[in-house]
Amino acid sequence: MHWTTSFEMFRNMSKKEKKKKQPFSGSIPDMFFMRLTDMFGQSLSVELQKTFVERPTTFRINALRSSETEVLNILKQEGFVLERVSWMSGSFILKNKKKRDLCDLTVYTDCMIYLQSLASMVPPLVLDPQSGERVLDLTAAPGSKTSQMAVMMKRTGELVANDKNKIRFFKLKHNMEQLGVTDRDEPFGGASWQFTLRMEPGTALVREYDAYFDKILLDAPCSAESRFVEGKPKTYGYWKEQKIKEMAYTQRALLLSAWGALKPGGTLVYSTCTFAPEENELQISLLLHRMEDAEVVPIDMPSLGRLPILKEWKGKKIHADVQQCLRVKPTEEIEGFFVAKVRKGL
């Protein structure tokens, strides 16, 4: 059944009927679309339904292993057609052939490129880590953003990457070794580069680093609603409103703990790949109410479409300054993403 049709049928049911109704087999839950409409209205919700599709393969060039010129020459010789991403240097969208064709090449096997969704590239850009800074990636696995930040820092300074899950941690470790993040050789490395991998609960780790970091990235574990793909139940079969509540609890603990590890004058970027306001606006609103030294920094990325930031949700008013956060509007090329940039006062 077409999404919009099933969704409209669901809206017209009585509360008793809704409780009895089971989700359509193989379809994104109707309750999710109900929430989406409550967030953004009927018209925009219907528009967003069209974006729950498989997205094209995207990648960025790994400057720790190669150069843009070298990679593009190889791909051109192999007949690949690419579209450059205007807002992210060294990043491209694959316009022909298949992902597996790309993965067969030395540019992939030698880690000269890294396959990464476009939305995933946004939080490090907003954080903007610089050479010589102390930076924490609190929930880092599998390391796409960690490696991106290492490149941005020109492998100079201190970068701590943490993930508490053992399996994910060793995936992170492997990726950092393959991508050259752990290297200390030229052209960027040396005594000026300190990279540390940790496998700790985030709330415990930050207690070791009181007011220590210049910048912190908290790409929080979330309900991942932006990654739903219609017809692929594995992308949304886990979803329920209770999942949102569980994630919000974890996010709140991580966010408040991370704030203590940020030095005065430092910057924290909080991000999720979900739509749920409980995991987005309400988290930042809580931080602003709890921490008097927290100040939201406007995010200027005009090349990206934006969704409206909510002013309230289910009777809960949201701090006015949260309006300066960013909700990336999903398209057939980029997932939806929520990003907040918060500065700690001196």
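Easy rule for this one: first residue shown is 1, then count along the chain.
Backbone N, Cα and C atoms are what each Cβ position is placed from, and that goes for glycine too.
TrEMBL lists Cys273 with the feature active site, nucleophile. If you look up TrEMBL, you'll see Asp163, Asp219 marked as S-adenosyl-L-methionine binding site. The annotation domain 'SAM-dependent MTase RsmB/NOP-type' is assigned in TrEMBL to 47-345.
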Site with most surrounding Cβ atoms, counting all protein chains shown within 10 Å, from the binding-site residues Asp163, Asp219: Asp163
Between Cys273 (active site, nucleophile) and Asp163 (S-adenosyl-L-methionine binding site): CA-CA distance (Å): 18
Cys273 (active site, nucleophile) versus Asp219 (S-adenosyl-L-methionine binding site) - Cα distance in angstrom: 9
Structural state of Asp219 (S-adenosyl-L-methionine binding site), classified by DSSP into three states: strand
All-chain count of other Cβ atoms within 10 Å of Cys273 (active site, nucleophile): 23
